[in-house]
Amino acid sequence: MEKLLHWSIANAQGDKEAIEKAGAPDPKLLEQLFGGGGPDDPTLMKEAMAVIMNPEADLENKLIAYDNFEMLIENLDNANNIENMKLWEPILKTLEDNEADLRASGLSVIGTAVQNNTDSQTNFLKYEGGLKILIAIAKSSEEPSDVRIKAFYALSNLLRNHIEAGKKFQALGGLDVFPVALNDPKATPKLKMRAISALSAFLSSSKIDEQLLDTLRKDGVLVSVIENLGTDNVNVIDRVLSVLSHLISSGIKFNDSELEMLQKEFEKIDSLKDRLNEDDYLAVKYVFSKK
C-alpha cells in the first residue's frame, strides 16, 4: 500500500525520477481498490436469469434476482442485450408462473426494458404471444391488482409512440382491456390510472380520426373514459381529462349523447378544478359549453 501511495504522489507531481523509483503498482491491488475485475453486466444478467429460472431456487431469491436484473436493464444497452442474449423467452415464461409476485416482476422488467426504447419495443413484438399475454393479464379480473397494474405499465411503455405495437394491440382486441378495467367496481385508483395511461400511450401510436373514434365507441372505451370523470379520485380525473383533451385537439367530434354525458359528469368535478390541469379542464369544458 505504501508503494502505491508513493507511485500515486509521483504521478500527480509528474516527477519521472520518483515514478521510476516507486515502480509500477500491483495490478491486483488496483483491482481490489477500484472495483475492477468483477463480472460485466451481461454476465450478471445471465446469472440473475439463471436464478429466476432455477426450479430449486426459493421465491425470495428469485425476486431478488429479478430486482437486480431490472436495475441492470435500466441501462439502455443492457435492455437491448435482452434480445442479443435471448432472454425475452425466459422472461415471458415467468408470466405464466403460479407465483403472482414473480409474474409482477416479469411484467415490471418488460415495462422498464421497453420504456423510451424503440429497439426493445420492436424486439419484444417479435415474440409470438408476448403482447397477447400482456393483454390477457391486464384484462383478467382473476389477477391480483398489483399484477394487473404492472401489466398496464408494460403495455403503456410498449405502445407509446410505436405504430406497429399500436396496430398489433388493436388487432388482438386490446382495446377491450380499457372498459373492463375502468368499469370494474373493485379496480383501485392506481389500476385505473395505469389503464388510462396505457390508453394515452395507444393514442400516441395511432392515427386519431373518425374511424378510430368509431372503434372506441363500439368497444365501449369512450363511454367508460367519460364515466370516470365522475370518480372521486383527482389523479384519475386528471388522466381522463388528458385523454379527452388529446382527442379534442386531434379534431374528433363527440355526438350529442356523448356531449350530454360529458356535461353531466363534468358538473361533478367543478369543485375540483383548482386541483386539475387547467388547460385540459378548459379544453374539455369548451366542447360542451359551445353546443
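Each Cβ is built from the backbone N, Cα and C atoms, and glycine gets one as well.
Per Swiss-Prot, repeat 'ARM 1' is recorded for 13-57. If you look up Swiss-Prot, you'll see 76-115 marked as repeat 'ARM 2'. Taken from Swiss-Prot, the feature repeat 'ARM 3' applies to 119-160. Annotation comment: Swiss-Prot describes 163-204 as repeat 'ARM 4'. Swiss-Prot lists 210-249 with the feature repeat 'ARM 5'.
Among the recorded stretches 76-115, 119-160, 163-204, the one sharing the largest number of Cβ pairs closer than 8 Å with the repeat 'ARM 5' (210-249) is 163-204. Broken down with DSSP, the repeat 'ARM 4' (163-204) shows 34 helix, 0 strand, 8 coil. Non-local neighbours of the repeat 'ARM 3' (119-160) in the same chain are 79-80, 82-83, 88-89, 92, 95-96, 100, 103-104, 107-108, 110-113, 166, 168-169, 172-174, 176-177, 180-181, 184, 186-188, 190-191, 194-195, 197-198, 200-202, 204-205; each lies 6+ residues outside the stretch with a CB under 8 Å from one of its CB atoms.
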